[in-house]
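What TrEMBL says about this one:
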DOMAIN    41-289  domain 'G-protein coupled receptors family 1 profile'
TRANSMEM  26-48  transmembrane segment
TRANSMEM  60-78  transmembrane segment
TRANSMEM  98-119  transmembrane segment
TRANSMEM  140-163  transmembrane segment
TRANSMEM  198-225  transmembrane segment
TRANSMEM  237-260  transmembrane segment
TRANSMEM  272-291  transmembrane segment
Amino acid sequence: QDAGNHTLLTDFVLSGLSSRPELRHLLFFTICLVYSMTLFGNLLICVVTVHPTLHVPMYFFLRVLSFLDISTASVVVPKMLANLLAEDRSISYTGCVTQLYCVVFLATTEWYLLAAMAYDRYVAVCSPLRYAAIMNSRACLSLVLLCCCGGNVVSVVQTAWVFTLSFCGPRRINYFFCDIPPLVTLSCADTSLYEKQIISATVLVILTPFCLILLSYACIISSILKISSAESRHKTFSTCSSHLTVVTLYCASGTLIYLQPKSSDSQDTKKILALIYTAVIPTLNPLIYSLRNKEVKEVLIRVMAVLKK
């Protein structure tokens, strides 16, 4: 019977961010504004970092990061906005599978990319004389492809595993997009083995890159302390602290969501955390990683001057 119900299931219903109708329009305009900022900021970074003066590994990685942020937000936010105003909040079975695969792929790839970016900064600060040789264009492209391959493997395994579960209960997902924890709660099968597996995946995908990022920045800070110029130390510390703040926020939200996949008593909290890593952080990344950078701002001023002419 379970297998039959699983086979006959053709769609799910997303409950959305809030069950309170009076909040729908406020949420719609707020999230629409955040999404517009995400698109504008990240597209701006993609355009500006193509400038010849910014053809260095750091800006190549930033361009890829911006593309991932646009993709992550675009996979989740448009459907969420439509559901805030529509009465029919259903999503097809195929659409749910596709959305889950894309979210996991993009989030995992971004985590690995953040680790690669931390390594790039480590080489730049700790081995400046060998930086050009180590972080050449081939090495940078290989790192990005490796991140994508890792994201694809994790996403295929996680998506396939989730959709082999039997969904014999209600088809209503108490969430605003198809994600692992709310789908697991719909299963009538024993998910204890899967919950152990998702904890292992969380360690592999989130905590391991986070530890590597912390290690890289610890080495960077150690090198910074040897710099004689107080102004240079302050500037580098400011940059490192900004990066680590975003990474820590991303790590905390992801870890709290996935370490207890079948916990339903804190579903509203998980919605807020999911909103942070799918909509808020993609908006912050251009500000933290790029637009505070002096070189990027100089190129941006030149581009704006050309556009005015």
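Just so it is clear, glycine is given a Cβ too, placed from its N, Cα and C backbone atoms.
With a cut-off of 8 Å between Cβ atoms, the residues of this chain six or more beyond the transmembrane segment (60-78) that come close are 31, 35, 38-39, 41-43, 45-46, 49-50, 99, 102-103, 106-107, 109-110, 113-114, 116-117, 120, 137, 140, 144, 176-177, 278-279, 281-282, 285-286, 289-290. A Cβ distance under 8 Å defines the sequence-distant neighbours of the transmembrane segment (198-225), meaning residues of its chain 6+ beyond its ends; these are 107-108, 111-112, 114-115, 118-119, 121-122, 125-126, 154, 157-158, 180, 184, 233, 236-237, 240, 243-244, 247-248, 251, 254-255, 258-259, 261.
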